[in-house]
Every structure is written in C-alpha cells, then in structure tokens.
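Student: Okay, these came from Swiss-Prot:
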| type | residues | note |
| --- | --- | --- |
| DNA_BIND | 5-24 | DNA-binding region |
| DOMAIN | 1-57 | domain 'HTH lacI-type' |
Amino acid sequence: MAASIKDVAREARVSIATVSRVLNNVDVVNEETKKKVMEAIKKLDYRPNIVARSLKTQRTRTIGIVIPDISSQFYPEIVRGAEDVSNIYNYNVILCNTDLDISKEKDYIRVLKEKMVDGVIYMSNSLAPEILQLLRDLKIPTVLVETRESEDENAFPSVTIDNAKAAYDAVNYLIKKGNNKIAYVGVNPKLKNNARAIIYEGYKKALLDNNIPLNENLIQFGGLKAIDGTDGINVIIKKEKIDAVFCACDEIAMGAINALRENGIDVPKDVDVVGFDNIYTSSIFYPKLTTIEQPTYDMGSVGMRMLIKIINKAEPECLHYVLDYNIIERDSCK
C-alpha cells in the first residue's frame, strides 16, 4: 500500500500540518524539521495525491502549451524557454500540437479545460475568431506567444516582435545593397490575427518609402514550408527577372534558394535572399542564410514568467511585450 501523509508525519515525528507546509514550500518550517520530513518522504517513497491536492487548492500546477506545427524548427526553442521557466516554479507542462488544424485546436482547448490546467501558452499562425472565443470561455489565464490580437483593451497578454518593422528593415537592407526587383514569398496579408501575414505590410512599406513600385508579379502567397518557397519562386521567375527575394520564414527561403539553383540562378551572385526567424538550419544551409533573428527562447521564457505571475494574481510589468530582433548577415546576400 502506498504511503500516506500520515505515515510521513509519523516517521518524521511531526504533525500532518508540518508535512503539508514542507510539501508546499512554506517558509515557516525550520531547516532541521524540513530535513527530517524530506528524509521520511524519501524513505517511504511518498507521492502526494495530486488529484486530492488540486481539489483542495483549485490548482493543478500544470500549464498547457499549444503549438501549431511540431515539425517546424521555429517552435521548439520557444517551448524550451517556456518549459525552463515552468520548471523553476515547479509547474508541469502539457504540450499540444495542432498541426495547423482548427478542429484539433478546438479539441485541445477542451482537453486543457478537462485537465484543469492553471494557464495556457498559446501559439497559432492564425487566431480564428471561434478559437479566441473558446479561449475566453476557458476563463483560464492565457498568454499568446508569436502572435497577438488586434489592438483591444480586452486582448490576451502577448509576447511578439514587431514583424512588420522587422520586414521593413530586411527589405531596406536589400535595397541598400542595390536591389530594386525584390520578390516576396509569404503568407496572405488578408489573414487576421496572423503574425506572418503582417510581414507583407513591412515589405510593401519599405518599397513604397524607397519609391520602388509594388509589382504584383513579384509576389506569391502560400504556406510556410520549403515547398511553398520553391513553388512561389518558380511562378515569379517565369514572369519577371529578379535581383532579390525576401521570405516570411527561413523554410520558405531555403525552398526559394533551391528553386533558383534549379533554374541556373546563383545565390548570392545573381540574387540576394533574406529569410525570417534564424532557425538552426539557416546557419548550416548552403549558402548560409541571411535572416531576421527572432528571440525564440526569450519569447517562451518571458511568456511563461508573465503567465505564472497572472496565475498567482500578481500584476505583470507589461501585458504586451515586443522583443528586439536582429538582422543576421550570412552568405545568401552579396
């Protein structure tokens, strides 16, 4: 039979209340007593009844992390940052991969409600209105990472970078290198609450601010995989000669480079290419990819710290963090 809290108290020769204080890290217990209790716990192989504890405290010390695509290189570092912080504060994590499927998003939100999680870190390429409503109906602290809602006083707390400004800087970087036929391969800007969609706005503004006309023949919208970069560039180069490409993520950029190579176009001799994210393979791909670096680990850790503060009724210093980004210069630009 499994040891109970009474058994631990008897073994350590303390009260049940003292054992409870030790388990809950209450500071009033002196070190000698705490040591005796911990030795008794180890000797008896005591495991607290999590279900009973959660019913009493209305806390499970569990946080749900929802990501849109576990196969993407972008999200693991965010999850690592979030999980490292959750471990510091003794929270467990439930990881939910939605595969960019809205029905799976809905299912996981229901699962997290059933699991009585204390909070949710939510990542999604596009926050559909019904998903936002389901998250609100949870009535559980929720922080959005990588994306945010439109400006609203009731918007969920968030951690992002300024994607439009980062894109603007990337395109300006290409223009300063003498390029003026700059293609764009990315996500349809009409998608609402989509972090990648607004990258196009930065691309467009940089061109217009430099008196470069917007050429629809140089623009292709699609998904966020390498094949989308390959397909997009194959369409563009059949219509126009280009001297640069800006892509909404590194995977697209790598697919674009492959398409250029297959068509006898050298990168960077003939065409400069800039990506977005600075995923691991961007530094080992050939040529090494010039890209916008998102602080993925920090996005996860900042998001988790903010969430835990909200769970514990503390006021975060900020509800909408916009973190810094960098242009990482490598070999895909002259």
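Cβ from N, Cα, C; glycine included.
Since we're looking at a predicted model, the values are computed, not measured.
Map these features onto the structure and tell me what's around them.
Tutor: Across the DNA-binding region (5-24), mean pLDDT in this model comes to 90.
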Student: Could you count the residues of the domain 'HTH lacI-type' (1-57) that DSSP puts in helix, in strand and in coil?
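Tutor: With helix first, then strand, then coil, the domain 'HTH lacI-type' (1-57) has 38 helix, 0 strand, 19 coil.
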